[in-house]
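Visitor: Among the features that TrEMBL reports, compositional bias 'Basic and acidic residues' is placed at 372-382. Per TrEMBL, domain 'Major facilitator superfamily (MFS) profile' is recorded for 1-364. Annotated region 'Disordered' per TrEMBL: 364-397, in sequence order. The transmembrane segment annotation in TrEMBL covers 20-46, 58-77, 89-109, 145-166, 194-212, 233-258, 264-282, 294-313, 333-356.
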Amino acid sequence: MGIILWSGAGLSSSFISPRHAWLFFLSRGVVGTGTASYSTIAPTVLGDLFVRDQRTCVLAVFYIFIPVGSGLGYVLGSAVAELTGNWRWALRITPCLEAMALILLIALVPDPPRGAAEKEGVAAMGGSRSSWCEDVRYLWRNQSFVWSTLGVTAMAFVTGALGFWIPKFLFEARVVHGLQLPCFQEPCNSQDSLIFGALTVGTGVIGVILGAKASSTYKKVNPRAEPLICASSLLVAAPCIYLALILAPTTLLASYVFLALGELLLSCNWAVVADILLSVVVPRCRGTAEALQITVIHVLGDAGSPYLTGLISSALRAGRPDSYLQRFLSLQQSFLCCAFAIALGGGCFLLTALYLERDQAQARQPGTGTCDSKDLDSKAKESQCLLPGTGSPREDP
């Protein structure tokens with residue numbers, strides 16, 4: 001239903017008249033609703049099907065397609081708009097891909113019981129059924145979930161601002177360097193969107209693979225590897241993004257290099273963050289946890305960051321001469337908040353590392369969590385994987 005809602009709203013929005021702009025914005029909101037409905041469920045299904053390193057690898061494959069799809073969206077959208085002379089056709093191409101995804105989903109994807117892989121067929125879902133409010137209270141007390149959610153929200157804040165404004169920033173940088181004539185009428189040259197899209201695809205694929213591989217390797221020597229990897233990548237990405245912005249007026253090549261490094265380091269975390277959530281939250285609450293995390297990510301992250309960045313840029317440009325140089329400099333300075341947000345996200349993941357082992361142990365406790373099939377022999381499974389209300393395990397005679 002989510003994919004149908006998403007594709008239907010996206011396709012219909014391309015036919016809305018400019019006189020009904022409010023209806024267009026409403027349809028884009030419906031697109032977000034459809035997207036959230038399946039993006040919430042998908043990682044939890046993978047968590048129910050796979051455990052341990054296998055789950056990390058599968059999540060890496062899944063999250064590879066976030067930067068790939070995002071980057072291809074820039075490339076395809078700008079190419080279609082330039083080819084047809086109308087941006088609306090970009091919204092009419094994607095429903096074809098969404099229809100293919102829906103067919104594959106119905107034909108190939110199973111609907112396993114919650115926590116099926118972790119219990120090898122035991123029907124318990126980490127305790128008795130609970131209300132939504134009880135699940136929210138449980139998640140609020142789960143410090144690993146709270147701090148990792150704030151960390152990934154900082155990531156989303158930055159990726160949202162970059163995705164919206166970086167093509168314009170790169171275009172104005174080339175105008176300032178004399179490599180591009182100013183554009184006074186849309187649609188403008190799409191080269192910058194193509195470049196940024198290619199960077200997003202390439203760094204996204206490499207980053208997700210590197211993050212998942214580093215996580216599965218480092219976990220063998222440090223059980224807190226996942227949040228430490230996220231923290232390290234963000235704390236290194238912050239100066240990379242800062243240098244990409246500061247060097248843009250001087251050397252465009254160095255700016256591209258540091259921008260690519262920053263995107264690479266940001267992409268390292270997507271699969272790892274999902275693995276953290278699945279490991280610290282009991283199976284019955286994973287859907288709620290994903291929903292809450294996605295809500296916080298969008299509300300505090302990528303939904304408002306483009307507007308905030310543009311607002312800061314407009315405020316800085318007020319009172320200055322109206323020139324491409326001043327537009328470029330004001331946008332550059334407004335981007336500096338992104339470097340701060342990345343560093344703040346790294347600090348949140350450092351706090352996650354303090355609570356990770358405790359919350360993972362609580363998620364595996366009898367009656368509240370799940371037990372990992374590789375950690376327990378058959379007798380231990382019998383004693384620790386009890387169905388709610390069945391009492392204590394029977395002692396051997």
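For all residues, glycine too, the Cβ spot is worked out from N, Cα and C.
Unlike curated entries, TrEMBL annotations are predicted automatically.
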Visitor: Could you pull out which residues elsewhere in the chain have a CB under 8 Å from any CB of the transmembrane segment (58-77), counting only those six or more residues past its ends?
Guide: 42-43, 46, 49-50, 87, 90, 93-94, 163, 167, 193-194, 196-205, 207-209, 211-213, 263, 267, 270-271, 274-275
Visitor: Relative to the transmembrane segment (233-258), which of 194-212, 264-282, 333-356 accounts for the most Cβ pairs at distances under 8 Å?
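Guide: Against the transmembrane segment (233-258), the leading stretch is 333-356.
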Visitor: Can you tell me which parts of the same chain pack against the transmembrane segment (145-166), counting only residues 6+ beyond its ends and a CB-CB cutoff under 8 A?
Guide: 70, 139, 196, 200, 227, 230-231, 234, 241, 259, 263, 266, 269, 273, 276-277, 280-281, 289, 292-293, 296-298, 300-306, 308-310, 331, 335, 338, 341-342, 344-346, 348-349, 351-352, 355, 359
Visitor: Find the member of 194-212, 294-313, 333-356 that has more C-beta pairs under 8 Å to the transmembrane segment (264-282) than any other listed stretch.
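Guide: Maximum Cβ contact count belongs to 194-212.
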